[in-house]
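Visitor: Okay, these came from TrEMBL:
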BINDING   62-66, 133-139, Asp162, Ala263, Gly334, His385, Asp452  (6S)-NADPHX binding site
BINDING   Asn63, Asp129, Ser165  K(+) binding site
BINDING   Lys422, Gly423, Ala424, His425, Thr426, Gly451  AMP binding site
DOMAIN    9-219  domain 'YjeF N-terminal'
DOMAIN    228-511  domain 'YjeF C-terminal'
Amino acid sequence: MRVYTCDEMRQIEQRADAGGLSYRQMMENAGWRATAILLHWWRQSHPAQPVMRVAIFCGKGGNGGDGLVMARHLSAAGMAVVVVLCQGQPVPAHSAANLQLLRGRSIPIYQLGEAAVDQLAAEADVLIDAVYGTGFHGEMDDRGRQAAALMNSAPGTVWAVDVPSGVAGDSGHIDPGAVQANFTVALHSYKPAHLVYPAAGHSGQLVLADIGIPASCDPVQPAFHVTDAQQVFTALPPRQQDTHKGDFGKLLAVVSSGDMPGAGQICTAGALRVGTGLVRVAIPRPLVAQYAPHLPEAVYLPLPQSEDGSAAPGAAPVLEKALADSTACVVGCGMGTGQGPAQLLQYLLQHAACPLLLDADALGILSQSPDWLNGVKAPLVLTPHPGEMARLLGISTGQLVANKLQYGRQFIEKYPVTLVLKGAHTLVFSPGCPVVINPTGNPGMSKAGSGDLLSGIIGGLLAQGLSPYLAAVCGVWLHGAAGDRCAARLSQTAMLPTDMQKDLSDLFLAHHR
Ligand SMILES: NC(=O)C1=CN([C@@H]2O[C@H](COP(=O)(O)OP(=O)(O)OC[C@H]3O[C@@H](n4cnc5c(N)ncnc54)[C@H](OP(=O)(O)O)[C@@H]3O)[C@@H](O)[C@H]2O)[C@@H](O)CC1
Ligand SMILES: [K+]
């Protein structure tokens with residue numbers, strides 16, 4: 001799946017133009033393809049109504065030019081089209097030329113603000129948002145907001161061309177007046193805002209339109225990447241005939257306290273289910289009897305327990321031998337945030353040579369002392385949800401969610417870690433690598449225990465020798481894909497993270513692993 005930034009799109013278009021596909025022709029292709037997609041949808045969904053009433057809101061740039069091309073083709077197809085110029089006359093020559101082509105045809109052209117426009121918007125079956133596309137920057141102006149408000153409040157279906165107006169294509173920043181589309185036709189490639197939430201929610205259903213740009217014009221090293229199954233199953237270590245458990249890594253899981261035994265169990269199961277050779281579980285001693293019947297394959301490292309049910313202060317040295325013998329370590333799931341767990345985390349940060357994954361309570365502890373990340377020798381993977389990430393940064397969750405890409409990038413610049421920012425379409429940031437947008441998963445996974453399973457999966461892949469970046473990218477994909485299978489089997493409402501273990505197995509079977 002192609003995802004290119006607005007800047008990358010400009011360069012792609014430049015290369016295409018230099019290669020002989022003119023800007024004018026690209027605009028023609030964009031408007032023509034968007035028209036074909038819209039007409040196909042209309043005829044399928046409204047078979048008894050041959051004439052669609054369409055109001056096309058055009059800005060002054062290239063996006064508006066696409067809208068003007070659509071007006072010509074829709075009118076030629078017999079649809080009742082009106083054009084509303086929202087920012088006056090088009091500026092680019094190819095947009096202006098397309099306005100010129102409308103003159104003399106029976107297509108009414110209005111300026112935004114004319115009395116008839118409100119009524120026409122209210123009566124339209126379809127409203128086309130061609131106000132701003134990849135050229136949008138800053139805040140919407142009054143006319144942009146006025147046009148967006150008309151489209152958003154109209155009863156018809158809103159189709160956005162390329163990007164819903166008011167949504168910044170790269171950062172995903174959402175203007176308060178932004179268009180809420182039912183459908184968005186993305187031109188040539190998806191843009192980050194189509195896939196990164198909450199901006200993605202403004203696009204509605206996405207349709208990708210080929211506008212004739214050859215793949216040779218695409219960037220060699222794009223800033224974003226969307227994971228696919230082939231990438232995941234190529235990266236997973238093969239299981240040769242002549243192997244033993246030592247070939248598949250040793251994971252140390254420092255997890256669970258008295259009131260959260262399940263978190264560590266789910267994490268451990270996740271690690272085992274992705275093929276880890278050996279999982280050692282460091283938990284407060286009284287929990288071992290609870291764990292063992294469910295996870296007989298694990299090896300246990302009992303820790304002294306404090307009164308609050310978590311590991312007691314002074315327990316850290318118990319980890320020494322196991323840590324030295326591990327190929328990865330997961331810390332946090334349900335382990336508590338008291339003095340004992342804090343000492344365990346600090347010990348691991350100071351002594352681990354193997355990759356270390358920090359989740360849940362480990363992130364809670366870290367948010368009190370983020371400087372603990374300085375000078376850590378072990379490669380680190382952090383797997384916060386937005387609340388945990390916001391606490392790490394000392395900002396509100398709302399601030400974080402509105403600017404996930406910006407904060408994620410800034411964080412890995414400050415601390416060279418692999419950051420898995422969880423949520424719908426989880427993001428993976430890692431120094432020197434494209435930002436990965438994970439396409440798998442569903443709202444049925446928003447349940448306690450889901451993150452613990454993910455930590456186990458990524459931890460298990462780390463233990464088997466995948467780089468932090470690949471372990472994170474493959475781990476979130478597998479977790480989401482198992483969740484999608486589980487939802488199909490049990491429903492998003494009823495599915496549980498523990499159910500997803502079966503779907504992980506089915507997923508591996510389906511890919512002959
Ligand atoms: N390039 C190509 O060959 C092809 C491009 N195609 C299409 O063109 C789109 C890109 O076209 P674009 O670059 O002209 O930008 P677009 O999104 O129309 O800009 C909106 C206009 O609004 C303005 N504006 C921006 N922010 C504003 C604000 N806050 N408040 C007020 N005004 C603001 C901005 O003017 P500015 O302020 O920058 O001078 C600009 O004039 C792309 O998404 C695709 O649909 C396709 O046809 C395929 C070929
Ligand atoms: K638009």
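Residue numbers in this text run from 1 along the chain shown.
Quick reminder: no glycine exception, Cβ is built from N, Cα and C everywhere.
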Visitor: Based on Cβ atoms within 10 Å, give me the single least packed residue among the binding-site residues Asp129, His137, Lys422, His425, Thr426.
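Guide: Per-residue Cβ counts within 10 Å for the binding-site residues Asp129, His137, Lys422, His425, Thr426 bottom out at His137.
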Visitor: On the 0 to 100 pLDDT scale, where does the domain 'YjeF N-terminal' (9-219) sit on average?
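Guide: Averaged over the domain 'YjeF N-terminal' (9-219), per-residue pLDDT gives 97.
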Visitor: In the same chain, which residues outside the set Asn63, Asp129, Ser165 have their CB within 8 A of the centroid of the CB atoms that define the K(+) site?
Guide: Phe57, Gly59, Gly64, Gly67, Ala130, Val131, Tyr132, Gly133, Phe136, Ala160, Val161, Asp162, Val163, Pro164, Val179
Visitor: Other Cβ atoms within 10 Å is the metric here; tell me which of the binding-site residues Asn63, Thr134, Ser165 scores highest.
Guide: Ser165
Visitor: Can you list, in sequence order, the residues of the same chain other than Lys422, Gly423, Ala424, His425, Thr426, Gly451 whose CB lies within 8 Å of the CB centroid of the AMP site?
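Guide: The answer, listed by sequence position, is His385, Leu421, Leu427, Asn438, Gly441, Val476.
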Visitor: Give the maximum pairwise CA distance in Å, whole number, for the residues Lys422, Gly423, Ala424, His425, Thr426, Gly451 listed as binding AMP.
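Guide: That value is 14 Å for the farthest Cα pair.
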Visitor: What binding-site residues among Asn63, Asp129, His137, Gly423, Thr426 have a C-beta sitting less than 6 Å from any atom of ligand 1?
Guide: Asn63, His137
Visitor: Within the set His137, His385, Ala424, Thr426, which binding-site residues show a CB-to-ligand 2 distance under 6 A?
Guide: none
